[in-house]
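Features as listed in TrEMBL:
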type	residues	note
SIGNAL	1-27	signal peptide
DOMAIN	37-331	domain 'Plant heme peroxidase family profile'
DISULFID	Cys47-Cys126	disulfide bond
SITE	Arg74	site 'Transition state stabilizer'
ACT_SITE	His78	active site, proton acceptor
BINDING	Asp79, Val82, Gly84, Asp86, Ser88, Glu100	Ca(2+) 1 binding site
DISULFID	Cys80-Cys85	disulfide bond
DISULFID	Cys132-Cys327	disulfide bond
BINDING	Pro175	substrate binding site
BINDING	His205	heme b binding site
BINDING	Thr206, Asp251, Thr254, Asp259	Ca(2+) 2 binding site
DISULFID	Cys212-Cys239	disulfide bond
Amino acid sequence: MANATPFTAFLLVSFLCISSYFSFSKAENTALPIVSGLSWTFYQKSCPKVESIVRKQLQKVFKEDISQAAALLRLHFHDCFVQGCDASVLLDGSASGPSEQDAPPNLTLRGFKIINDLRALVHKECGRVVSCADIAALAARDSVYLSGGPDYDVPLGRRDGLSFATRDATLQNLPPPFANADTILSSLATKNFDPTDVVALSGGHTIGISHCGSFTRRLYPTQDPTMDQTFAKNLRRVCPTENSTNTTVLDIRTPNKFDNKYYVDLMNRQGLFTSDQDLYTNGKTRSIVTSFAVNETLFFEKFVVAMVKMSQLSVLTGKTGEIRANCSVRNANNRSFLASVVEENATSEY
Ligand code: HEM
């Protein structure tokens, strides 16, 4: 009996260590609601290695260039907000007209080749069963995790769209960086995001870069009074003119690390875009910014909820859409895909 107390304490400490290790290693988000047609175990039989293939390959890519993590996170956001997460943003323009990629907010997107390379690796292992839209969602998740953010499960089963959105639809669905918080809140409310989701999603700006043109109207002709003086001075050095083509980081504290420092930036008036900084100025979002700045675990938790929600916007499932053989072209326009289908049919006849 005398030994029971230290032993019990040992057991308790061991249990706490083990359980906290597991609970921090992956957000337990599979209780979150998912739309019909998507599932947490979609490729369990048809492509059980898809997630490990994507993660391993991205580990290699990011070892060479960690800035690509931001590119892939933004790609998934731009895919989902315009016409749903259907990989339409990955389609090249066709003879019939310019693609979503040619619309102004998408001109600075990067990472298209990384997605197509992932697609090739996955299809080599499993055949043409995994959609480009699912690969983009997994790549965004792994970008967050591999740059220091939370790990979480992504519901899968999206199919690829057959058409891309117009320039107008793209502009209408992606708010500009000069929008204030009220505009961002009402724009995202149309997609069912509440203020906590909006502030959490904006935390995507904890990694990555921006071109001068996205924020120089805060510097010229007059400086935005909500911007810290020293921060503004340094930005004027990077962007000496309004249309300079240089780039700078979105989060000055830890530009390549997925953490809560973006919110600390905002509290110090060092947010790069009006759409960022105004989240701290606006009374509807200010306390949410502060709560994330002081509690990274809370930010990670709310970010996962909002990302899983975003990743399900207007998805195509079941028999709608298709599984593209090349993420940049739909199958009907893909000559090598069509040739291989003809060959398959020809061989199967004999
Ligand atoms: C809420 C409204 C948003 C606005 C107005 C906005 C605007 C922008 C702009 C203007 C850029 C820089 C483009 C350039 O000049 O190169 C950018 C970059 C970026 N955005 Fe957003 N964004 C928003 C939401 C989001 C969301 C929801 C995410 C992800 C969850 C996100 C992730 C990123 C990332 C990671 C980059 C850096 C990309 C790179 O390094 O290539 N943004 N955003």
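Every residue, even glycine, has its Cβ placed from backbone N, Cα and C.
Automatic prediction, not curation, is the source of TrEMBL annotations.
The binding-site residues under consideration are Ser88, Thr206, Thr254. Their Cβ neighbour counts within 10 Å are lowest for Thr254. In space, Thr206 is the closest of the recorded positions Asp86, Glu100, Cys126, Thr206, Cys239 to Arg74 (site 'Transition state stabilizer'), judged by Cα positions. Candidate binding-site residues: Gly84, Pro175. Fewest other C-beta atoms within 10 angstroms, Pro175. There are 21 other CB atoms within 10 A of the CB of Arg74 (site 'Transition state stabilizer'), with all protein chains counted. Spatially, by CA atoms, the recorded positions His78, Asp79, Ser88, His205, Cys327 include one closest to the residue listed as 'substrate binding site', and that is His78.
Between the alpha carbons (Cα) of Asp259 (Ca(2+) 2 binding site) and Cys126 (disulfide bond) lies a span of roughly 35 Å.
Counting only same-chain residues six or more apart in sequence, the Cβ atoms lying under 8 angstroms from the Cβ of Cys212 (disulfide bond) belong to Val238, Cys239, Glu242, Asn243, Ser244, Thr245, Asn246, Thr247, Thr248. For ligand 1, the recorded positions lying close by, meaning a CB under 6 A from one of its atoms, are Pro175; the full candidate list was Asp79, Cys132, Pro175, Cys239, Cys327. On the 0 to 100 pLDDT scale, the domain 'Plant heme peroxidase family profile' (37-331) averages 97 in the predicted structure. In this structure the C-alpha atoms belonging to Gly84 (Ca(2+) 1 binding site) and His205 (heme b binding site) are separated by 21 Å.
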